[in-house]
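Peer 1: Supplied in C-alpha cells, the structure appears directly below.
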C-alpha cells in the first residue's frame, strides 16, 4: 500500500474568504507576523497495488475531474512513503 | 500586460507606433481607431484597458442602445416613477412615503463556466446595485433557464447554480421569493442565470451615482482588489463560447457574502448620516466603470492615485487593477470634512476603506501610478460615448416556415383515456413539474416579512409592519413563444408577469427586464431583439407600467446556435395591506371555481405541444392587453373586497396545470365541468392569455359575478373545490395522490 496525496488550493488570483477569516483572527489571538493565509484541501488516497505511472495518471485524472474544481483551483499530486509499509 | 518603462501618457505621446493588444482585449479595429482619434494619440495600456471594458457589449450596450431608446420614448405617464433608466436601478413610489427599487440582471456566462460562484456573484452584484440607490435590500428572485433536464451537463450546472444562489442569498439574510426554472435544449451550452433584487427606502433617502464638488474625496471600500475576473466584461460576456478556444476562459470571481453583508450595513449607515455625495458599486469593469461613470455623471473631473488601492496581490499591474472584477467593492464620493466619519463607520463594520482620489474642477479623469500619469481621458468618452451600432437586422427566412407549422393541427387525444394520460405526462414534465426541490434550497422567510414566495404567482414582501403595505414581484418569460413571434412573445412575458402580480392582489406599477439573446452580429438574432424590445415598449405603454431599468445579455449562443430569444420581464406591484393577498392554494371545499377570460384553440409554443409532440411551431397565443388590464382590475378588486379566496394565473400548461397546482397546494381536489362550446382538450390545455382561475366562496358568488358582468369580463363557472381528486366530469379522474407523485417526483429524480 502506498499513499498518494492530492493538495488542492484556490488559484492565487482567486479570493479565499476562509483564509482571510483565519488571517484576520490571528492578531486578535495574539499571533503576529503572518501577512497572508490561504486555506486548501488535502486528500490522502490509499492506493491498491503499485503506484506506477499508470496509477498516477489515473489519480491525476480523478483529481482534475473530481477533487479539484480546476476553474478556480490548482492541485498537486505527490506520493508519500507510508511508515512501516513494505516496498 | 505591464511594460517597462511605465506606459504613461507622456510615453504614449512620444511613442505613437507601439502596437497595443486591442484585438485581444475585444476591441474592433475601427473602435481602436476611434479611441486614438478621441485622445489625439495612442492610448496608454491603462487607457486601453478602460476603453476596452467600457466599450464592450456588456457595459456599453452598443448593439442594443438604438432599440432600448424606445423604453424612454414610449414610456407611459406614471406618477410612480421617481428615478428612471440610467441609474444603478429604477425607483418607484409605493405610497406612505416608501420607495422601492428593483432590477434584474444576467450572470449567464460566468454561471456556465463556474456554476456556484457564477450564480453567487450574480446575486452579489444585483444586491450592490440596490444598496447603491440607498435602499435596504429586502428580497431576491432568480429566473433560471437550463438545458434539457435529463442532459448530464444540466446535472453539473443546475445544482451548482442553485447552491450558489442559495448560499450567497442565505448568508446575506435575504429571502428568495420568486423566479422561474425552465428547461430547454437551446440553453444547453448557455444557461441563463438572471438575478433580481428589491430594495426599500424612504423617499428622502434616494441616492444617485455622481461625483460633484471639487475637492470631494473618492473612497474605495469593501474587499481588496485581486486578480479575479480580469477582462471578464470585455472577453467573457461579449464573445461567443467556442469550444476550440478554452484559453479564453479567464478566472472567474469568488464571492464572499459575509463581506457583502458588512458592505450593506456600512453603506446604509453612511447614507443615514448623510455622508455620501455619490456612490457606485463595482461590478463588471470594476474600477474602470466606477471612476468613469461617477466622474461623467458629476460636474467636474476626477484624479485617482492607483497606488492607494488596497490589493490582495501586490504584483498586479495598473491595467489589471483597473479591469479587476473583484467582488464586494463600492466607491463613494464624500465631502472632505465627512471623510473621517465615513472611515470610522467602515472601521466599525470591519470594512477596508481608502481614499484613492478626489473630484477636480476640470473635466478630465486622470489616474496616476508610481508618480506617472497613466490615464488622462474625458470620462464621458469612456462611460457614455462608446460606439453605437445600427446592426443590420432581418426577419429570418425560416420564420414563415416555423409559423406555418401550425401546432393546432397536431394530433389530439382521441379518447378520454388518452387525454388523461397526456395530462398526467404534462404535469410530470420537467417544465411543468413542481420546482420545490430547487426552491426549498433557498431561504424564503428570513427577516420575517415574506408574505408569499414560490410557488405562488408572485413573491410578496411586507414593507410596513404597522399598515401592512407590501410589494409583489413576478418574473416571466417564455422563449418558445418569443421564438415563434418575438414581438408577441415579449408582450406575453409582460402580460404574464403583470397578471401574476395582480392575481395575488397587488397593483402592477413598473417593469424591469433582462433581455437574453444570441449574437447581435447575426441579423436574425438582431431582428428578434428589435421585435422583442418594440413589443415590450408598446406593451408597457399600453399597460401604463414604465420600464425602470434592466439589462441586456447578448452572445448567448454556442457556435452558430443561438438560444431562443428570451426576454425575461419582472413586474413590480404594490398592495395596501398584505393581509388581503390572494394565494394559489384552494382554501375550502365547496367554493366555486370560475374561469375568467376567453379560451380559444391556441397551442402554438404550448407546453402540450412540447411534452406530447416535441413540437415548436405555429403562432403563440394572441395578446389583448386591454383585457389583461381589465382582468387585473377585477382580480385586485376581488382580493381587496374579499370576494375570492384563491386565484391562479393561467399560462403554460393551461387550465389543468393551474387546477392541479392549486389542488396540490391546498390539498383539496376539484370537480370540473367542460363548459358549453368547448371541447375538453381545448378547455384543459389551451394556453390562451388573459385568463385566471379563481375560487369564490358561495356567499360572494353573486357579488363577484355582478362585478365581472358590469365590467364586461367573461366569467364562466366551471366547477367546485371538492374531494381528493381532480375530476373532469364525463372525461376522467386523477387522484391527488397520483398527481402529487407525478408532479413532485420529476425534479428530484433527475437532479437530486
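Using N, Cα and C of the backbone, Cβ positions are placed for all residues, glycine too.
TrEMBL does not curate its annotations; it predicts them automatically.
Given the structure is predicted, the values throughout are model-derived calculations rather than measurements.
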Peer 1: Which candidate from B:28, B:103, B:436, B:622 does TrEMBL annotate alongside B:61, B:513, B:550 at the ATP binding site?
Peer 2: B:103
Peer 1: Looking at substrate binding as recorded in TrEMBL, which candidate out of B:553, B:600, B:606, B:609 goes with B:106, B:107, B:108, B:109, B:128, B:253, B:325, B:326, B:327?
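Peer 2: Among the candidates, TrEMBL records only B:553 at this substrate site.
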Peer 1: Can you give me the Cα-Cα distance between residue B:58 (active site) and residue B:105 (Mg(2+) 1 binding site) in Å, rounded to a whole number?
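Peer 2: Here the two Cα atoms are 11 Å apart.
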Peer 1: List, in sequence order, those binding-site residues among B:61, B:103, B:106, B:128, B:327 whose Cα sits within 10 Å of the Cα of residue B:551 (Mg(2+) 1 binding site).
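Peer 2: Correct set: B:61, B:103, B:106.
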Peer 1: Who are the chain neighbours of the domain 'Phosphoribosylformylglycinamidine synthase linker' (B:24-62) in space, where the CB to CB distance is under 8 Å and they lie at least 6 residues beyond its ends?
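Peer 2: Contacts of the domain 'Phosphoribosylformylglycinamidine synthase linker' (B:24-62) (Cβ under 8 Å, skipping residues fewer than 6 from its ends): 1-3, 7-9, 11-13, 15-16, 18, 68, 231, 233-235, 237-239, 284-286, 288-289, 292, 317-320, 322-323, 367, 369, 374-378, 381-383, 386-389, 520, 552-555.
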Peer 1: Whole-number Å only: compute the distance from the Cα of residue B:108 (substrate binding site) to the Cα of residue B:513 (ATP binding site).
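Peer 2: That comes out at 15 Å between the alpha carbons.
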Peer 1: Measure from the Cα of residue B:129 (Mg(2+) 2 binding site) to the Cα of every one of the recorded positions B:107, B:513, B:550, then give the nearest.
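Peer 2: Out of the listed candidates, the nearest Cα belongs to B:550.
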Peer 1: Can you list which of the binding-site residues B:61, B:128, B:129, B:327, B:513 come closer than 8 Å to chain A, going by CB to CB distance?
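Peer 2: Cβ contacts with chain A under 8 Å: B:327.
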Peer 1: Hey, does the domain 'PurM-like C-terminal' (B:588-725) touch the domain 'PurM-like N-terminal' (B:86-201), meaning at least 3 C-beta pairs closer than 8 angstroms, sequence gap 6 or more?
Peer 2: no
Peer 1: Say you check the Cα of residue B:327 (substrate binding site) against those of the recorded positions B:61, B:103, B:105, B:107; which is nearest?
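Peer 2: Nearest listed residue in space: B:107.
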Peer 1: Find the shortest Cα-Cα separation between residue B:550 (ATP binding site) and the recorded positions B:105, B:106, B:107, B:128, B:281, and name the residue that gives it.
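Peer 2: Answer for the nearest of the recorded positions: B:105.
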